[in-house]
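Quick look at what TrEMBL lists:
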type	residues	note
DOMAIN	52-413	domain 'Major facilitator superfamily (MFS) profile'
TRANSMEM	20-44	transmembrane segment
TRANSMEM	136-153	transmembrane segment
TRANSMEM	160-178	transmembrane segment
TRANSMEM	184-206	transmembrane segment
TRANSMEM	218-241	transmembrane segment
TRANSMEM	247-266	transmembrane segment
TRANSMEM	334-351	transmembrane segment
TRANSMEM	363-384	transmembrane segment
TRANSMEM	393-410	transmembrane segment
Amino acid sequence: MNFDEVLDRIGGFGRFQKTLYVWICLPQIFLAFHMLVSVFTGAVPPHLCRSAWPAGDSGGTGLGFNFSIAPGESCTSFQDGPLSQLNHSLPITEHSSTSNGCTGGWEFSKEVFLSTVVTEWDLVCENATLNNIGSSIYMFGLLVGAVLFGALADKYGRRIIILIGLAAQAIFGVGVAFAPNFYIYVLLRFVVGMTISAVIMNAFVLGTEWTGPKKRMLAGVITDYFFGFGYILLAGVAYLIRDWRKLQLAISAPGFLFLFYIWVLPKSARWLMANKKHEEALDLIHKAALINGKPLVDDDIEVCQSSKISEKLQDLRKYTVIDLVRTPRMRKQSLILFYLWFVNVLVYYGLSLNISDFGMNIYLTQMIFGLVEMPARTITLFTLNRSRRISQLAFLAVGGLACLLTIFIPDGR
């Protein structure tokens, strides 16, 4: 008897698994917060150089510039010509930096954001690349976390890594809100990125390892719904909280509530069996069976014995990442999947993290992007069971065509 047969006997998606998915899905909301919050905390509001203002006009109110129309990336400091030659009734629309730079500091519009990391540390013009580098370092944290915590979870178990990830995410997430400078901010965001991978990967694995084959796909998609809900909810939270430090604190501090997971989050019985901890695995299986209303009888003690037998029939050799490219067939399949993941992530986050460039209300755009996730998840429930290859091809074709058609959208300016 293999473990999937054990799950069928005790209930592949009973009350035990449904409760487990409640615990798995709740953090997904906050994972979406951390993944996408830089849309707001790293936004670049319209800005002007203070050194361009006439003497006595320290607030710049006499110039009549329209911040709401001025682009977010204007490096004009007005040191190339007399102010009297400027038409103060027109907004700044040219991107031009002077050889002297902006010596008086920058004044940012507060019409949409009270503060962002850009306004706090003047990440515009010659410093604009720092903002992009910070985002890249955060993404690199996701990569490091995936490699590191994936291996640690295989060695020490899914549950402990999820708990460590949630705790570190709350601690370092709150730390981001109090970062004294940009470099500490980037470092803390890097660690948060690592914790995202620790939680999102191992929560998914823990759930699927407890779910029977018939409901495994449904259970996996359920977690994505909650990520989409977090996507939508973030728009509302960011709309209400326009200061980046307070927003960062608002999405991070509730993470401490997950402390109670120490008492409710179960270990993976499949992982316990794979690591020859059969007695502990059997206790968990008994517990799950009772909660699902399918208690095991005395004859079902063979579950533990049969798991030992099945282990002998399997190749007990330890596999590594090298095995993904060891044989020609695996190499072909792996390279295809690597490319598909690269393309999907590139497009998904390329769009999601740059919604401020769409020229629409940033909060409305964020909400629309989140709403679109809901029918997209639902469609997969009806297509994946029919043909994964055809559905993958269709979705890639539709997505790629949509991206190409954006080229022909007329410029709204």
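A Cβ is built for glycine as well, from the same backbone N, Cα and C atoms used for every other residue.
Because TrEMBL annotations are produced automatically, they should be read as predictions rather than curated entries.
Between the transmembrane segment (160-178) and the stretches 136-153, 218-241, 247-266, 363-384, 393-410, Cβ pairs under 8 Å are most numerous for 247-266. The recorded stretches the transmembrane segment (247-266) and the transmembrane segment (20-44) share 3+ CB pairs below 8 A when only pairs 6 or more apart in sequence are counted, and are therefore in contact. Same-chain residues lying 6+ beyond the ends of the transmembrane segment (20-44) with a Cβ under 8 Å from its Cβ atoms: 72-73, 112-113, 116-118, 123-124, 128, 131, 134-135, 138, 166, 169, 173, 192, 196, 199-200, 203-204, 206-207, 210, 219, 222-231, 233-234, 237-238, 244, 247-248, 251-252, 254-255, 258, 261, 264-266, 352-353, 355-356, 362, 366.
Only residues 6 or more beyond the boundaries of the transmembrane segment (136-153), in the same chain, are considered here, and those with a CB under 8 A from a CB of the stretch are 38, 161, 165, 186, 189-198, 201-202, 205, 349. Summarising model confidence by region, the domain 'Major facilitator superfamily (MFS) profile' (52-413) averages a pLDDT of 81.
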